[in-house]
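For G16, P17, A18, A19, S20, G21, K22, S23, T24, the entry in Swiss-Prot reads ATP binding site.
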Amino acid sequence: MESPIEKKPIIVAIDGPAASGKSTTAKILAARLGYTYIDTGAMYRSVTLKVLREGLLDEIRKDETRIAELLQTITIGFQGQRVFLDGEDVSEAIRENRVSREVSFISSLKPVRDKLRELQQEMGRKRGIVMDGRDIGTVIFPDAELKIFLIADPAERAKRRHAELLLKAGGAAVPSVEALEEEIKQRDRDDEQRTHAPLKRHPDAVLLDTSNMTIDEQVNVVYDLVNKIVEQQSL
């Protein structure tokens with residue numbers, strides 16, 4: 001027998017700044033709900049990686065229209081939690097620090113946002129999805145049944161990012177917590193001040209401060225909210 005969550009799948013939009021816990025929360029939540037997880041940040045990182053690999057960054061800084069040609073041929077897809085760019089698994093490559101430094105700029109470009117918005121909206125047509133990013137609740141799915149906006153103190157977010165990088169570094173040097181905190185603060189400024197789809201909370205979004213929360217606590221809060229919405233729809 002199907003549960004209410006399976007009978008009436010909804011769209012869960014999770015927004016927030018870098019390292020606020022969006023992706024981890026969204027992945028675990030989607031698995032728990034039996035929903036599809038779509039990592040929009042990975043999509044922007046994939047475009048950024050392609051720009052860097054093709055050596056187009058300086059050209060695009062001078063002339064943003066140069067990116068349009070690249071977007072015509074790019075393919076981005078997911079298999080489970082693996083990310084594929086033009087058929088290649090780039091799940092680790094898109095997390096490189098050089099990508100992190102440039103993704104805010106690439107994300108600010110209108111042709112990029114238009115192209116990825118189209119892809120993301122197509123992915124969400126069947127509902128039963130959890131999507132995280134920076135403009136999901138405001139631009140991609142403003143009518144999502146549940147919109148969450150995660151925040152956390154920049155210092156705490158830097159510690160999380162540092163721990164994540166150490167885990168993946170295999171003994172290689174990683175940026176200091178202090179350097180990462182400055183990078184995160186700059187990223188916040190870039191995301192909030194960009195012309196196209198700046199980072200902001202939708203008026204209907206539930207604000208959740210994750211500074212002192214574990215991942216399990218974050219997931220439980222959002223899972224309970226999904227249940228409440230589905231139960232109300234079933235009445």
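Cβ coordinates come from backbone N, Cα and C, glycine included.
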G16 (ATP binding site): tally of other CB atoms within 10 A of its CB: 27
Additional residues surrounding ATP, by Cβ distance to the G16, P17, A18, A19, S20, G21, K22, S23, T24 centre under 8 Å: T25, D132, L150, A152, R157, T210
Tertiary neighbours of T24 (ATP binding site) (same chain, Cβ under 8 Å, six or more apart): I215
Neighbour tally for A18 (ATP binding site), based on other Cβ positions within 10 Å of its Cβ: 25
DSSP three-state assignment (helix, strand or coil) for S20 (ATP binding site): coil
